[in-house]
Amino acid sequence: MRSPLSEVKGNVELKKPLVKAPTRLPLSQRRLKRRPDQMEDTLEPQKKRIRGLSTVTKIAPSRPVTSALNTVPQTQGQTTAPKVTKKTGPRCSTTITTVLKNQKPGPAVPTQKPGAATAPVLGVKRPSKRPAWDLKGQLVDLNAELRCYHEKTQTLDQENQQLREQLKETQQQATALGSKHRTLEEELTRLRVQTEHGQQELGNLKAHVLELEEQLGLKEGLVQELQKEQLELQEERRRLATRLEDQERRLQASEAALSCSQVEVASLRQETAAQAALLTERGERLHGLEMERRRLHNQLQELKGNIRVFCRVRPVLPGEPTPLSGFLQFPSGPNGPSNPPTRLSLSWSDERRSTLSGAPAPTTRHDFSFDRVFPPGSRQEEVFEEISMLVQSALDGYPVCIFAYGQTGSGKTFTMEGGLEGDPQTEGLIPRALRHLFSVAQEMSVQGWTYNFVASYVEIYNETVRDLLATRTRKGQGGECEIRRAGPGSKELTVTNARYVPVSCEKEVEALLHLAHQNRAVARTAHNERSSRSHSVFQLQIYGEHTGRGLQCMAPLSLVDLAGSERLDPGLALGQEEQKRLRETQAINSSLSTLGLVIMALSNKESHVPYRNSKLTYLLQNSLGGSAKMLMFVNISPLEENFSESLNSLRFASKVNQCVIGTAQANRK
């Protein structure tokens, strides 16, 4: 055993630094998580132990220093201690922690009691005890030992200073490691958050994978269905391929036929061109024939007379007395009974003369000749057939006017408007004429003609013009109806505040006739339960145009139902109602008289024609002049009691029939 002094001397000579040997053992997870302040707390007991060691060494120099020296392990044969480098990395922190961990406090050195002998140091061979009288020798030994202790103390102070410097460096490294530790903790927190997000995304991906697996199952099912459909389509394709081959064969045959057809088409085109040229030529010829037809038609009507008079005798109605057999006679014409009748005879014997003289009164016979006479059995269709050519003249551009004249109850309204509604056999001249015009206009459209029709229906009651087409909402709101020129310098006449309705079919005409029939002024008279007390004038304005040739025509068709013509009875009692009927009769007779005067003036080619003497003649002046065609129906009763009125009507009609008006001219542009 070496003495402590010799050991200290050996250390001084060798100049070995008392430095903790570095270790490469990894730090535990618990120590890695310590903060710098905890690291200092960990190092603090080590400092205390080092200071305590120095203190013990100074206080008890007599104690052996073996335990104090044993706190710093030494490597045999090592002459220089390794330098401690300042590193902030993980390896450096691990080394420092290991050094601090491996430093163990030395055993505490008990303080020697005063007066007690110093115990010998273990492991040091002490010299033999000097005798008590050898104080000088003992003093020498003590001085030598004291020098050794002083040297040992200096060495320990140097080692302590080095340890302090190492501790300071270690603390700095611990601070750096703390910062690094905090950075690593933040990085760890970030990684944990990323881990949580990753786990959440992983869950979402798992759910998405499940959804995709479900969709995959559906897609697989769909693929199976598509494969099945593909098989069906392949089968269908094979069938279509077969059909295609068949169609190709048929197409080849069709192409062969097409080539033949093209040759035929070429020849047909040549024929079509030739036919088109022929059609154009025939169109020109047809137009020329149509113009010639109109001219000849007009000549025929003129030969028949621009003023014609037809006589119609109504049949005996139920409840009326049957006339004598010789009262009305229809003598045959020059060509026998095969020709339509044109003559009428009235036979009458005055019983008053036979009573005064005592002898039978002679029979008076009145013979009349007209353009056509219709016996009581004549149908409406026969009557219209006779005037249809005259209606055609209106479509050709000639003004046409047709009157129905006669006493009350002679059948004028029946002739013009017809009988029971809905019975085609009893339709009058107005609906039949418009049906004929619509039909002919449709036929003429093939030749390029287009026609428009505008209807109006007015009545003249006591020299006052009324609109028969006024509805309930318009009655009394449109103002008074007046006859005016259509414009400055125009010859066309219009009725102000009256309705002019475009018509294109029979239904529209029937509705207008029904409305006019409700609005017309009628009253009970001695001759008729429902007598017309006004002149009704139905006018149809016809506008025709041929755009290809630039031709236009315009003409009015006037269908007039005159009021009943009765003479005034001098013995009539003048009550309030009778006075009203008297004024009506005076107005009717005045207008009929004016009509006769106008016709006479036209026939005599007088310079002044009194159109303005009556509203009736003023309204119809364009249909009565030299460019117009006029037809009068004189309606008479078959009863003997109406002989006087029938005779007056026939005489008036006979005068009109003797009138001749100049050549008619069409209104063309």
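Cβ atoms are placed via backbone N, Cα and C, with glycine included.
Annotated features in TrEMBL:
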type	residues	note
BINDING	Gly406, Gln407, Thr408, Gly409, Ser410, Gly411, Lys412, Thr413	ATP binding site
COILED	146-306	coiled coil
COMPBIAS	67-82	compositional bias 'Polar residues'
REGION	17-43	region 'Disordered'
REGION	67-90	region 'Disordered'
REGION	324-369	region 'Disordered'
Hey, what's the Cβ neighbour count for Gln407 (ATP binding site) at 10 Å? 24
Please name the residue among the binding-site residues Thr408, Ser410, Thr413 whose C-beta has the most neighbouring C-beta atoms within 10 angstroms. Ser410
What is the one among the binding-site residues Gly409, Gly411 whose Cβ has the most other Cβ atoms less than or equal to 10 Å away? Gly409
Relative to the Cβ position of Gly406 (ATP binding site), how many further Cβ atoms are located within 10 Å? 30
